[in-house]
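Participant: Starting off with a structure, shown below.
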């Protein structure tokens, strides 16, 4: 009898010790220090945003002035870092890559300038100054800088609403240069103030749909050059373009343009197929556009095909980039609209460049500094607007060629720019007889790379809401306009965020056998629920006015359903007596969220049930404590769900 009494005493002492430990650990949660205030957080965020390199430079205050200046210059100009280890063998690879790049860049740049409704030489200008600026400020080794199809289309589709490029080409060009300046300012600001998250407003799915829609629109626009149509619509939607094509059927047209363009388009596509089959022939599809331009120009010149209906480029101004600072227009009623266009161009251009830059950097195994990329591209477009360039960015097709050619650094961009300068000085007069149909075929040959059907299929498999954003962007571009497509993509993406915020998931948890882990019972059917105790996890970072009522109603519905289920199985068994809320995922809460928890507590208490909280975050428990909610639930706050369960099972919750 004595040994039995001693055993009972030991068990009681152990239970009391465990209970004291639970009480002490619960106090860890309740006695947490006050979290930083909102003003303190805003100040820290501003310091980090506006002075991202401040701590680094402050650490150099004790260093000599020369070292501080050197560190600052290395941050601004990454070329000063990698050029110290640059060797002749790397230059050999960069020289080959740069020359290969120039052979592709020159004809593409001329074609993209015509797509932007500018004279052909402006495409070549854009392939000179921006690549040189990027070479000394950019962090990607493989990105090829210059004009691209999507930005060219976007630019022309928006600017021509302000000025007719045919009726007043000089004024149109000045508006293009001004919008380029604004785009550069926004890009530089994104990088300097760490606002790169704005670029992420275009989700991956919306970019895929936007690029595919833009490819279709660009392809339709090239029907003008491919068919030799004189009168064509300025609208970009598929309905307007097809109407313009059908109307042109009733007018006399020359099939020579179509035959010439399709022949060289087939040649370019065949060389691309051969290049993909044999990686050693990477140079073949790269020089195919240049070969097409040379051969077609010779054919037209020797046969005098321009006298028989074949449309040609005619005069292309040569020489170095003319200064255009005096042509920027910062006065007048269109300045606000130009700033808006510049913002859109900045986001789209950065999205394309950073996407291709990060994909190649991951393959090569180095880090791409997104903020430095934004600053570099911002400054290159600002300087570009001063030197007769329109918006430049990283090109998917040319960057792939640069990578395949084995480039080692941004020197390949310098080689490309120098080669284009030589072309501007010496060879532009030779392009007088270049057929416009060839430029159309070069642009058409680059479009398949913008349509990724495999990725569209993956988006459909993985996330149906993402797929909705994808097709929304696609149909918006194809059937309305490029701006509508972008707006549709951003709107659907934001709608997705709002839906997920307003209707967050609430999980019912159970304990995995043999562990202290509590998991979603639907995901883990082996998870065991404890009779009389319901555990819920709120799958939201914020419990606020937008979702608080939904969460409360969802929990009460599950409590009622679970209680009815227990009663139907065993009426003698006690129904739900404790509801535990796992708040480990909840980062913050507002007054509406607290009010919903108070109402939930009142409903549960009136039905003989208790409410407990487990794993609350710092800000959450601080606000619940200030609102006296912790006192209202009897201090039933626990460090983990497991401790809440242990306290409940030991029937000591009321004493905590």
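Glycine is no exception: its Cβ is also placed from the backbone N, Cα and C atoms.
What TrEMBL lists as domain 'STAS' is 543-648. Taken from TrEMBL, the feature transmembrane segment covers 133-155, 175-195, 201-220, 257-275, 281-302, 341-363, 375-393, 405-424, 430-453, 465-494.
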Participant: Return the average pLDDT for the domain 'STAS' (543-648) as a whole number.
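Facilitator: A mean pLDDT of 87 is what the model gives the domain 'STAS' (543-648).
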Participant: Under a criterion of three or more Cβ pairs within a distance under 8 Å and sequence separation of at least 6, are the transmembrane segment (201-220) and the transmembrane segment (281-302) in contact?
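Facilitator: Not in contact, no.
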Participant: Let's see if you can do this one: DSSP helix, strand and coil counts over the domain 'STAS' (543-648), in that order.
Facilitator: 59 helix, 15 strand, 32 coil
Participant: I need to check the long-range neighbours of the transmembrane segment (405-424): which residues 6 or more away from its ends have a CB within less than 8 Å of a CB in the stretch?
Facilitator: 79, 82, 86, 90-91, 93-102, 105-106, 109, 121, 124-125, 127-129, 131-132, 134-136, 138, 140-146, 282-283, 286, 318-320
Participant: Taking a Cβ cut-off under 8 Å, which residues six or more beyond the ends of the transmembrane segment (257-275) line up next to it in the same chain?
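Facilitator: Here the qualifying positions are 225-228, 281-286, 288-289, 291-292, 295-296, 299, 305, 309-311, 435-438, 440-442, 444-445.
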Participant: Which listed range (133-155, 175-195, 281-302, 341-363) shows the maximal number of Cβ pairs under 8 Å with respect to the transmembrane segment (375-393)?
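Facilitator: Most contacts with the transmembrane segment (375-393): 175-195.
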Participant: When you scan the chain for residues with a C-beta under 8 Å from the transmembrane segment (281-302), skipping those not six or more beyond its ends, what do you find?
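Facilitator: Here the qualifying positions are 100-101, 103-104, 106-108, 260, 264, 267-268, 271-272, 274-275, 310, 312, 401, 404-405, 430-431, 433-435, 437-438, 441-442, 445.
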